[in-house]
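Undergrad: Submitted below is the structure of interest, expressed as structure tokens.
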Amino acid sequence: MNPIVLTIIISSLGLGTILTFIGSHWLLVWMGLEINTLAIIPLMIRQHHPRAVEASTKYFITQATASALLLFASVTNAWTSGEWSLIEMTNPTSATLATIALALKIGLAPLHFWLPEVLQGLDLTTGLILSTWQKLAPFAILLQLYPSLNSNLLVFLGVLSTMVGGWGGLNQTQLRKILAYSSIAHLGWMITILHYSYNLTQLNLILYIIMTSTTFLLFKTFNSTKINSISSSSSKSPLLSIIALMTLLSLGGLPPLSGFMPKWLILQEMTKQNLAIPATIMAMMALLSLFFYLRLCYATTLTMTPNSINMSTSWRTKLSHNLTLTTAASLSILLLPITPAILMLLS
């Protein structure tokens, strides 16, 4: 892709997200979301592959539907209350419509069907942007609207997302689909606790972005898109294979890694709010997610090459040192001991 075009596209992505962050008027926020959506489509379609075209079309239709629903919710609220301000969401119908629209935008169950299919059609770099950066703008809106939103609806969407994310990833062999279902499960945790402690949603979102970025960067370094192809990674770089193992276990939420922190704090807060049954269901669904992370760990570090898989062996090239990957991996693994300091910063 032409560097000038790429610069314009990346700048538009940043501009759309920043507009949504700073906007207090519904039309400005909606405009930011639209710029964000339209900026990533050229990145998706640049491969000139039928699967990429299909993924771009599905993404555009889904995001256009969500944007239309969000605009309808804001117009309905302005009609009944006379206010275009983002935080003046006084109409319950508008609040419910906005929740559904934003759930469709980020891929919460039961509006998640587009996410695995779209992510499967993209390369790992664009998939990384879709899984991390594209979640920021909708969450910026949710974090401002949360007092007006229906807590029962949020808990329902969150628990259902953790269930779908856990069950959906079990029989997958494509790494991008596994990461899509992982994303759905993590989003479920964030949405469930949003109404009761928005600080924990922020913490979970930040850690999710760090861990998912590390995982995508590792798979890009290994040049792997299937479980079979990742099994030769230990021969390419034993150190990176160990980092991949720790990052995947952190995504699964095992102590003493960073990923345990948000799950622990969210379950603790839900217990305080007398949400013991949803908390129990989510903890059990986290075990299902852990199972497919363990499958990846087994393929990454415990499968020795040569083996019986029908894959061509790639050259063992010298891997360059990557500061971004190093920093993200360190944060994905080592943050649990400073949990009190992080909580103090967020409070």
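Note: Cβ is positioned from N, Cα and C throughout, glycine not excepted.
Relevant sequence annotations retrieved from TrEMBL are reproduced here:
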DOMAIN    25-286  domain 'NADH:quinone oxidoreductase/Mrp antiporter transmembrane'
TRANSMEM  57-75  transmembrane segment
TRANSMEM  95-115  transmembrane segment
TRANSMEM  153-171  transmembrane segment
TRANSMEM  178-196  transmembrane segment
TRANSMEM  202-219  transmembrane segment
TRANSMEM  239-257  transmembrane segment
TRANSMEM  277-298  transmembrane segment
DOMAIN    290-343  domain 'NADH dehydrogenase subunit 2 C-terminal'
TRANSMEM  319-346  transmembrane segment
Undergrad: Establish whether the number of Cβ pairs under 8 Å between the transmembrane segment (202-219) and the transmembrane segment (319-346) reaches at least three, counting only pairs separated by 6 or more residues.
TA: yes
Undergrad: Apart from its near flanks, which chain residues at least 6 from the ends of the transmembrane segment (95-115) lie with a Cβ under 8 angstroms of it?
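TA: Residues packing against the transmembrane segment (95-115) from afar: 33, 58-59, 62-63, 65-67, 69-70, 72-74, 76-77, 89, 135, 138-139, 141-142, 145, 148-150, 153-154, 157-158, 160-161, 163-165, 180, 183-184, 187-188, 191.
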Undergrad: When you scan the chain for residues with a C-beta under 8 Å from the transmembrane segment (153-171), skipping those not six or more beyond its ends, what do you find?
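TA: For the transmembrane segment (153-171), the list is 96, 99, 103, 108-110, 112, 116, 177-178, 181-195, 275, 278, 281-282, 285-289, 291-292.
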